[in-house]
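Pulled from TrEMBL:
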- 12-33: transmembrane segment (TRANSMEM)
- 45-70: transmembrane segment (TRANSMEM)
- 91-115: transmembrane segment (TRANSMEM)
- 154-176: transmembrane segment (TRANSMEM)
- 188-212: transmembrane segment (TRANSMEM)
- 224-249: transmembrane segment (TRANSMEM)
- 261-283: transmembrane segment (TRANSMEM)
- 295-328: transmembrane segment (TRANSMEM)
- 349-373: transmembrane segment (TRANSMEM)
- 393-410: transmembrane segment (TRANSMEM)
- 422-446: transmembrane segment (TRANSMEM)
Amino acid sequence: MTANRTHSHAQWSSRLGFVLAATGSAVGLGNIWKFPYMIGQSGGAAFVLIYLLCIAMIGLPILVAEWMLGRRGQKNPINTMSELARTHKRSQAWVLVGVSGVLGAFLILSFYSVIGGWALAYVGDAIGGGFRGLDADGAGALFTGMLANPGVLLLWHTVFMALIIGVVAMGVIGGLERAAKLLMPALGVLLVILVGYGMASGGFGAALAYLFNPDWSLVTGEVVLAALGHAFFTLSLGMGIMMAYGSYLDRKVDLLRTARTVVIMDTVIAIAAGLAIFPIVFANNLDPGAGPGLIFVTLPIAFGGIAGGALLGLMFFLLLTFAALTSAISLLEPIVELVEERTPLNRRAATVVAGLATWALGIAALLSFNAWSEVLIFGLTVFDLLDQLTSKFLLPLTGLGVILFAAWCLDKESVRKELGLGAGAFSVWQAVTRFIAPAGVLIVFFSSL
Ligand code: PFF
Ligand code: NA
């Protein structure tokens, strides 16, 4: 299994470093921006329960499968799939799983960086006193004014990508791991302070009820689909990320235990983000169902009106920025690993090349909010096209490929040993990975077409 490990191939320095980096990848805009507004739109706690089920039955097994394949292949996702297909005497068509993974990472990072740029821009606004006295119209105008201005979007998208490139260029231990060890604790501290403020704000009871009292009448097929799609997105699955992260992983690390840790941290942080956001929303009589604008339009109204709002706003948008940075770092990694292994370029040059290509596509994405808002491909703006293409096609298909290969093509006994399972537990694992998880992905995939 490790015979083909090249000595130049990097490794995480410790299990903790790996857990923090993987959690850093998982915890991102999905947790702090998307999850709260999805709850707001789709039935509160009923959505949360369905989402938790998707995470347990589909997300966690696919996370383990990605790490397992990456650790066995020891290469970028494309070469890993090629290598595993060859050694298991399977068709080279499995390489497509790696291709769509890396392609997905590239496409997602291009627009993820644009949103990361919004977070940075709002950190700037918080510092500059830009939220002071904002009413609903003012907050709306602040956001639409930013979107309408390509120069501003380009500036922050560029700053964001430059930060990512700087970190990833420094390598697995000196870059990825070090950034996670710095940013994740900072994120945790900010979140605890913000939830503490939420508890004192007077809106906490309403927020708890909102998050934990299910309203099943709002649950539709679409909501179930959204929950499953989010289970993929939030764990960074189906993009080659976790495969790339697994390729730097020591054979001694317990995959199931580590996956459980990462999944729990991701979920706890998403719910904590809800407990930071909704108390402020309710205490200030704002609309919890505002959708994607919830944190960029609704929250600034509160930050503009309450005592200490500027500081609170600053902490909130720093939290969002830190979360976005560690995830974006992970999105760049599989692309860099590919370029590094497939070209004569060294790590630094590979990072700059991969980063610049992503940055350039990001420009097309940010122009869809202004200069190119009329440019439609299949009826969608570039930004929406990138989002839909990845979340509806590439992610589920890559995830499906990963789970099918791991469940059906690997040697059963070696998998059982690698996961440290007894015969009984292993048959549960097999049932889940061979049938339940693939069926779940397929159902969602076809019903979203
Ligand atoms: N998991 C990240 C989030 O929840 O925001 C987003 C993400 C990161 C998605 C990396 C995909 C990815 F490859
Ligand atoms: Na996440």
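Keep in mind that glycine also has a Cβ here, set from the backbone N, Cα and C atoms.
Heads up, TrEMBL stuff is auto-annotated, nobody curated it.
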Selected stretch (most C-beta pairs under 8 A with the transmembrane segment (224-249)) from 45-70, 91-115, 295-328, 393-410: 45-70
Within-chain partners of the transmembrane segment (45-70) [C-beta distance under 8 Å, separation at least 6 from its ends]: 38-39, 77, 80-81, 84, 210-216, 218-219, 223-224, 226-228, 230-232, 234-235, 237-238, 241-247, 249, 255-256, 258-260, 262-263, 267, 271, 399, 402-403, 405-407, 410, 415, 418-419, 429, 432-433, 436-437, 440-441
Segment-segment contact (the transmembrane segment (91-115); the transmembrane segment (295-328)) at 3 or more Cβ pairs under 8 Å: yes
Contact between the transmembrane segment (12-33) and the transmembrane segment (295-328) (3 or more Cβ pairs under 8 Å, separation 6+): yes
When counting Cβ pairs under 8 Å to the transmembrane segment (154-176), the leader among 261-283, 295-328, 349-373, 422-446: 349-373
Sequence-remote partners of the transmembrane segment (261-283) [C-beta within less than 8 Å, at least six residues beyond its ends]: 19, 22-23, 26-27, 30-32, 35-36, 39, 48, 52, 55, 59-60, 63, 187, 191, 194-195, 197-199, 201-204, 206-208, 210-211, 234-235, 294-295, 298-299, 302, 312, 316
